[in-house]
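Asks: Swiss-Prot lists these features:
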ACT_SITE  Asp35  active site, proton acceptor
BINDING   Asp11, Ile12, Asn25, Gly33, Val34, Asp35, Ser122, Thr123, Gly124, Val125, Tyr126  substrate binding site
DOMAIN    1-175  domain 'Macro'
Amino acid sequence: MKTRIHVVQGDITKLAVDVIVNAANPSLMGGGGVDGAIHRAAGPALLDACLKVRQQQGDCPTGHAVITLAGDLPAKAVVHTVGPVWRGGEQNEDQLLQDAYLNSLRLVAANSYTSVAFPAISTGVYGYPRAAAAEIAVKTVSEFITRHALPEQVYFVCYDEENAHLYERLLTQQGDE
């Protein structure tokens, strides 16, 4: 797994990967944080694609994921997943966050994409504690890629240095980097 999981500090919208994962809200209509940044960088085509998904299925439930085109992003597709709002850890948040990562990975693999970039899902306005969220992310992705050929490359894209070090430390502890 050493060559399959990477930590990058920077702007997820600039990454030339097959799939960028968006930490979306249930409406898929964009919002703040990484969701807003992805929608702004992708342009109106992404919003149009999200509107079509909403017309077909309504809101995207927490823990679920949908895939759309990427608009003006360098990626080929965007997987929109809805992570849980942190409510103290007693509302099944851990399982819902794991599901958000797993369902995203399943869509990437099912569509034969080889590379994917994840933000730190639910750690912004949704308030999930960063360390706990990173542990779930690293564990879930590591377990998935040991059992599946795709995606070949997974990137954890961290906005700041502190979060990047957190992911690097967790990957080192697991022997993945």
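Cβ coordinates are placed from backbone N, Cα and C, and glycine is handled just like the others.
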Asks: Rounded to the nearest Å, what's the C-alpha distance separating Asn25 (substrate binding site) and Asp35 (active site, proton acceptor)? Just drop the number here, would you?
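Replies: Answer for this pair: 8 Å between alpha carbons.
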Asks: When you measure from the Cβ of Tyr126 (substrate binding site), which residues in the chain that are at least 6 apart have a Cβ under 8 Å away?
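Replies: In sequence order, Ala23, Gly83, Pro84, Val85, Trp86 meet the Cβ cut-off.
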Asks: Can you see whether DSSP assigns Asp35 (active site, proton acceptor) to helix, strand or coil?
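Replies: Asp35 (active site, proton acceptor) sits in a helix per DSSP.
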Asks: Same chain only, sequence gap of 6 or more: which residues have a CB within under 8 Å of the CB of Ser122 (substrate binding site)?
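Replies: Ala23, Gly83, Pro84, Val85, Trp86, Glu93, Leu97, Ala100, Tyr128, Ala133 - these are the non-local Cβ neighbours of Ser122 (substrate binding site), listed in sequence order.
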Asks: Taking the Cα atoms as reference points, how far is Gly124 (substrate binding site) from Asp35 (active site, proton acceptor) in Å?
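Replies: One finds 10 Å between the Cα atoms of these residues.
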Asks: Taking only same-chain residues 6+ apart in sequence, whose CB is under 8 Å from that of Asp35 (active site, proton acceptor), what do you get?
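Replies: In sequence order, Asn22, Ala23, Ala24, Asn25 meet the Cβ cut-off.
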Asks: Across the domain 'Macro' (1-175), what is the average pLDDT of the model, as a whole number?
Replies: 96
Asks: So if I measure Cβ to Cβ from Val34 (substrate binding site) and keep only same-chain residues at least 6 apart in sequence, which ones fall under 8 Å?
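Replies: The answer is Ile12, Asn22, Ala23, Pro119, Gly124, Tyr159.
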